[in-house]
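Note sheet for the following structure.
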C-alpha cells in the first residue's frame with residue numbers, strides 16, 4: 001500500500017494551519033509524499049478512538065476520492081477513566097485550559113496521557129485504513145505558556161518541568177504524541193520502500 005502512495009499527494013484533513021506546519025516539520029524532507037491540507041467537514045463520530053479514526057478516514061477518502069491522512073487527538077485523564085478522550089475538542093471549547101485543570105480539582109491523581117492517531121487511506125474503499133498511534137504520558141497542571149495551540153498550556157509531559165506550551169517547538173516535536181505517531185507513519189513508508197512493498 002505504501003509503495004502505491006510514494007510520490008503522490010495525500011490530503012491531510014485539517015483546517016488548522018499550525019497543525020499542518022507541525023506535521024510537516026516533524027515528517028521532514030525525506031517523507032516520500034506531498035501533504036496538502038484541506039478542511040473537510042466530517043461528522044462527529046462517537047466511540048473508541050480507533051473506531052472514530054477509521055470512520056473519519058473512510059468518509060474523508062470518499063469525499064476526496066483519493067489518498068487521505070486524518071488525525072485524531074485524545075487527552076485522557078486517568079482519574080476520569082480516560083475522559084475527555086476523543087471529546088477533548090468540545091471540552092476545550094467550553095472550558096479552556098483553566099477549566100480542564102479545574103476538572104481534576106477534586107482528584108489527587110492529575111496524571112493523563114495524550115494519544116494521537118493518524119489514519120491513512122489510499123482512497124480505495126476495498127483497502128484497509130491503516131492506523132499509526134503515538135502516546136505521551138504527563139500531568140494536568142495549571143496552564144502555563146503560550147495559548148496558541150489548544151490544551152498545550154495544561155499538559156506537562158512526564159520527566160519535564162515545562163508544559164508543551166512552554167517548550168520550544170523543536171523540543172516538543174521530539175517527544176509529543178503527534179511526533180510518536182508520525183514516527184510510526186515514517187517507519188511504515190521507509191520499511192515498505194526498503195522491501196519494495198512486498
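Residue numbers in this text run from 1 along the chain shown.
The backbone N, Cα and C atoms fix where each Cβ goes, and this holds for glycine too.
Fair warning: this is a prediction, and the values are worked out from it, not measured in the lab.
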Completion exercise
Candidates 111, 121, 137, 146; Swiss-Prot annotation phosphoserine sits on 146
Problem - binding-site residues listed as 56, 89, least Cβ neighbours within 10 Å - result: 89
Problem - Spatial neighbours of residue 44 (Mg(2+) binding site), counting only the recorded positions 17, 56, 89, 146, 151, 177 and Cα distances within 10 Å - result: 56
Fill in the blank from the handout: CB neighbours within 10 A of residue 151 (ITP binding site), counting all protein chains shown, number 25
